[in-house]
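*Asks:* Please see the structure below; I have some questions.
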Amino acid sequence: VYIWDMDETLILLKSLLDGSYAGAFDGLKDREKSTEIGKRWENLILELCDEHFFYEEIENYNEPYLNALNEYDDGRDLTSYDFEADSFDDANKKKLAYRHRAIGEKYAKGLEKILDQHMVKVCNDQYSLTDKYTDGWLSSAHKLLEESSINCIVTSGSLIPSLAKCLLYRLDDVVVYSSWEVGKLQCFKWIKERFPNVRFCAIGDGHEECTAAQIMKWPFIKIEFRPHRFPGLDMPTVQTYMDVIY
């Protein structure tokens, strides 16, 4: 099981927005273009969250994973359910659970079933532009995910925007955990419970996931810009790290 950090590992956003990615290349990367690309991603993420993932309503009710409210969900058919007229409030866990289930169903269908053709093209063009600017960072990360058996993302960001990022950045078929309130170590423990008797490898750019991996006695691979791991990190390299621990 491969446990990935999201921001500045599988995807780039903050470093594009603040120019730190461009700054790592000693003037070889256009900083203004970096910021422009980052702002476009930011707008796309917010638009997807607000228009399709109920984010304006549930922004303040972050959960660590999509199924966290299953006990409150009575399984009602949501096909014709009127979310706009159900008087949602934070006291009603069932209505919040309905929203999480609806988000999960959309997430499973993929971007092309959520957005119209024009917006899908806009997203695809943005992905290609970013991948070219970052020398294949996104496509290299995507290729590595495809070669991995089971992938989990543990992100310090809140859950709903993280799911939107997964769709927009083509991070398909991954289980997403938000460590926003519970911390990465707790998420790592949940993943170990979910997948017993297997080997684990954590991959990220931050201290928290590194420390959590050490506590769990898992190998940890640090992602950096220079020398940057994407592109450059491949499955034989990952296996080498794992063989050292296991």
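Just so it is clear, glycine is given a Cβ too, placed from its N, Cα and C backbone atoms.
TrEMBL entries are annotated by machine, without manual review.
Checked TrEMBL, it gives:
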ACT_SITE  Asp5  active site, nucleophile
ACT_SITE  Asp7  active site, proton donor
BINDING   Asp5, Asp7, Asp205  Mg(2+) binding site
*Asks:* Could you give the Cα-Cα distance between the residue listed as 'active site, proton donor' and Asp205 (Mg(2+) binding site), in whole Å?
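*Replies:* About 8 Å separate the Cα atoms of these two residues.
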*Asks:* Using all protein chains shown, find which of the recorded positions Asp5, Asp7, Asp205 scores highest when you count other CB atoms within 10 A of its CB.
*Replies:* Asp5
*Asks:* Just the number: how many Å between the Cα atoms of the residue listed as 'active site, nucleophile' and Asp205 (Mg(2+) binding site)?
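*Replies:* A Cα-Cα distance of 7 Å.
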*Asks:* Relative to the mean position of the Cβ atoms of Asp5, Asp7, Asp205, the recorded Mg(2+) site, which additional same-chain residues have Cβ within 8 Å?
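*Replies:* Near the Mg(2+) site, the remaining chain residues are Met6, Glu8, Thr9, Leu10, Thr155, Ser156, Gly204, Gly206, Glu209, Ile223.
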